[in-house]
Amino acid sequence: MRTPYHRDRTGSGGRVLDTTRGEIVHQLLRIEAEGAFAGLVGGSPGQKVAKRRLRRKELDKRQQARVTAAVAGVTRRRRRLDWLLQQLLNRPLAKVDPRLLAILRLGLFELTMAGKAGHAMSAHVDLAALIVNKGASGMVNAVLRNAVRQLAAGTLPEPALAPATASLEARADSLGVALSHPTWLVERWLRRLGDQETAELMAANNSEPAYCLRVNRLRTTAAAFKDELCSTGAVLAESPLLPEDFLCVESGLAGLLRGAALSDGLCQVQDHAAGLVVALLNPQPGEAVLDACAAPGGKALYAAARMGGQGRLVAVDRSAARLRGLAETGRAQGLPEGFLDVRPGDLQALGEQLSAGGGFDRVLVDAPCSGTGVLTKRADLRWRRTPLDLLDLVALQAELLDIAARLVRPGGVLVYSTCSLEPEENEEQIARFLERTPGFRLQPADALGLLPPGVLTPQGYLATLPHRHAADGAFAARLLRAS
């Protein structure tokens with residue numbers, strides 16, 4: 001991967017320019033201009049940080065980690081940073097050059113949230129001179145020095161929270177600024193969760209993401225894998241949700257990713273909330289199983305492992321690019337030839353081909369959704385979604401459910417899941433489906449013994465929340481086709 005910007009000569013005052021910060025700014029601009037993924041900051045360059053005097057330089061692993069963490073941190077905290085920046089500037093942010101705005105956001109983030117010393121702010125001044133102009137460097141110098149002085153004096157502004165007696169809109173807006181979320185989303189959560197739990201959810205969304213490993217039961221066991229990796233210095237703990245297959249990584253993830261465990265098919269990075277969805281599906285050896293929205297393939301591979309590679313598993317997704325590599329990964333994880341059938345394409349267009357064998361014993365619809373349950377890992381997503389997106393997504397989810405339902409054999413199981421926290425995409429979506437599809441009924445998960453009780457709703461749905469379960473937010477419903 002080609003990464004940060006570099007200039008051979010030194011910056012102002014003879015200081016060597018910090019090329020890692022230059023790459024952070026570049027990636028922040030990619031997110032703004034291209035919709036780049038804040039958790040995956042490599043890839044093709046987007047909006048150029050500078051057009052002259054720059055060339056690319058390789059990042060080492062430590063620098064890559066720093067870039068990833070800073071880009072995600074600035075993106076998560078963007079609204080609060082902009083509020084603070086507005087207190088320190090004498091012009092509207094909309095009139096600030098995007099490159100300059102990215103540098104100022106990064107500087108304030110490092111100063112106020114990442115614990116960087118005030119003298120480190122000189123690197124941002126040099127960066128502004130290089131990629132914008134000398135006048136911009138003067139502004140950066142003035143703003144950040146002012147912030148350093150106020151921070152030292154204890155006078156740096158803090159956003160105030162509206163009192164509990166204020167209107168919903170006022171409370172949502174003030175909480176949205178303080179904990180850096182869009183007001184419309186905070187309003188929704190306040191109505192359902194109340195002030196305290198909404199604040200806890202938002203704080204969890206702003207935390208550093210935690211990661212789990214799904215241990216490939218076709219090749220090893222969680223206990224054996226944990227013992228082997230702990231000898232390398234990694235700190236792992238059994239998942240409290242799925243201890244038989246998942247390990248939570250407490251430290252040492254970077255070393256694990258550099259090792260051979262992934263390429264050798266011994267494990268996969270996967271949140272245990274995603275594993276709960278597959279546990280609810282409960283695919284069995286010898287069955288015919290369809291993952292109707294499979295990309296990038298994590299749930300399909302877990303289903304395959306639970307099936308022991310016996311039977312037939314079809315993985316469908318309209319994005320061929322996101323399915324690319326799934327078959328190869330399946331072979332690396334020990335799946336026999338012919339077991340995993342990867343089919344890029346539209347589910348409706350493939351429907352006739354898929355139903356030719358008489359349908360499937362189990363069908364999983366892990367539907368495209370708003371993603372409000374994964375805002376910790378998808379730092380940029382909170383700024384991309386709008387209320388109108390929900391309407392479009394709900395319509396698409398309903399269409400996918402209706403198509404998938406026709407592919408379930410009588411007596412078979414349909415599991416619908418999302419990584420959303422929004423009722424329209426979850427409980428209400430299922431209620432509407434059951435009203436128009438009399439051949440199906442809900443199988444409450446609490447009666448099946450497939451999931452731990454702490455992740456079940458009173459109605460029998462799977463529902464996890466980041467602040468309650470230390471997991472991605474997820475929803476799933478298990479539906480039985482009676483006829």
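The backbone N, Cα and C atoms fix where each Cβ goes, glycine too.
A quick note: this is a predicted structure, and the numbers were derived from the prediction, not measured.
As recorded in TrEMBL, the features of this protein are as follows:
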{"type": "DOMAIN", "residues": "201-482", "note": "domain 'SAM-dependent MTase RsmB/NOP-type'"}
{"type": "BINDING", "residues": "CYS293, ALA294, ALA295, PRO296, GLY297, GLY298, LYS299, ASP317, ASP346, ASP366", "note": "S-adenosyl-L-methionine binding site"}
{"type": "ACT_SITE", "residues": "CYS419", "note": "active site, nucleophile"}
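Note on GLY297 (S-adenosyl-L-methionine binding site): other Cβ atoms within 10 Å of its Cβ, all shown chains, come to 23. Residues CYS293, ALA294, ALA295, PRO296, GLY297, GLY298, LYS299, ASP317, ASP346, ASP366, recorded as binding S-adenosyl-L-methionine, reach a greatest CA to CA spacing of 19 Å. With a 10 A radius on its CB, ALA295 (S-adenosyl-L-methionine binding site) counts 22 other CB atoms from all the protein chains. Around the Cβ of LYS299 (S-adenosyl-L-methionine binding site), the same chain contributes ALA274, VAL277, VAL278, ASP291, LEU364, ASP366, each under 8 angstroms and 6 or more positions distant in sequence. Least packed by the Cβ count within 10 Å, out of the recorded positions CYS293, CYS419, is CYS293. Note: the CA-CA distance between ASP346 (S-adenosyl-L-methionine binding site) and the residue listed as 'active site, nucleophile' rounds to 21 Å. In the predicted model, the domain 'SAM-dependent MTase RsmB/NOP-type' (201-482) shows an average pLDDT of 94. The separation of CYS419 (active site, nucleophile) from CYS293 (S-adenosyl-L-methionine binding site), Cα to Cα, is 13 Å. Other Cβ atoms within 10 Å of the Cβ of ASP346 (S-adenosyl-L-methionine binding site), summed over all protein chains shown, number 11. Rounded to the nearest whole angstrom, the C-alpha distance between GLY297 (S-adenosyl-L-methionine binding site) and the residue listed as 'active site, nucleophile' is 15. The CA atom of ALA295 (S-adenosyl-L-methionine binding site) is located 14 Å away from the CA atom of CYS419 (active site, nucleophile).
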